[in-house]
């Protein structure tokens, strides 16, 4: 029974992994190290923006990145000098990788941006010029509520809360979904076993 539950969960997990994109896998914690790093870094940047200016945050991030890369470069140079090896630059593979943006990708991004921009402009015109009275009243109610939200939270605080919800909600949902799936499998597999028990046979004969 346990092996069957494990096999079914593993097969379902592999199917989900194939159907998910890279961003979706990051949010659903398919690779915990990458997801944890992304969540921690994004939360650190947002908290830093809440306390410091944008220029200071960018400067500290670049300084931290340079400290890591320079320290690693010096460390590898010392190791190569001691071991007398000719491994070369430690970041050679990254330096030789092509990171240029192709014209096709730029066109695709521009087309997607134009589609969303046109949709946003049409919706804004429709709502502000009261094409549909109900939709415009809904927008007025939402903006009125957002005035109270803005009085309590600033934009960076809302982004911090959104980042926490964005990374934690799929993980909690996935854990609950796996538990319910395992419980349903165990119940379906235990039903035939209960029918084969002596007590169940005697009960059926008496009936």
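Glycine too: its Cβ is placed from the backbone N, Cα and C atoms.
The feature domain 'Reticulon' is assigned by TrEMBL to 23-177.
The transmembrane segment feature in TrEMBL is assigned to 39-72 (among others). Proximity of distant same-chain residues to the transmembrane segment (39-72), defined by a Cβ-Cβ separation under 8 Å and at least 6 residues beyond the stretch ends, is recorded for 90-91, 154, 156-157, 159-160, 163-164, 167.
Positions annotated as transmembrane segment by TrEMBL: 145-173 (among others). Within the chain, the transmembrane segment (145-173) has long-range Cβ neighbours (under 8 A, six or more residues past its boundaries) at 27-29, 35, 38-39, 42-43, 46-47, 49-50.
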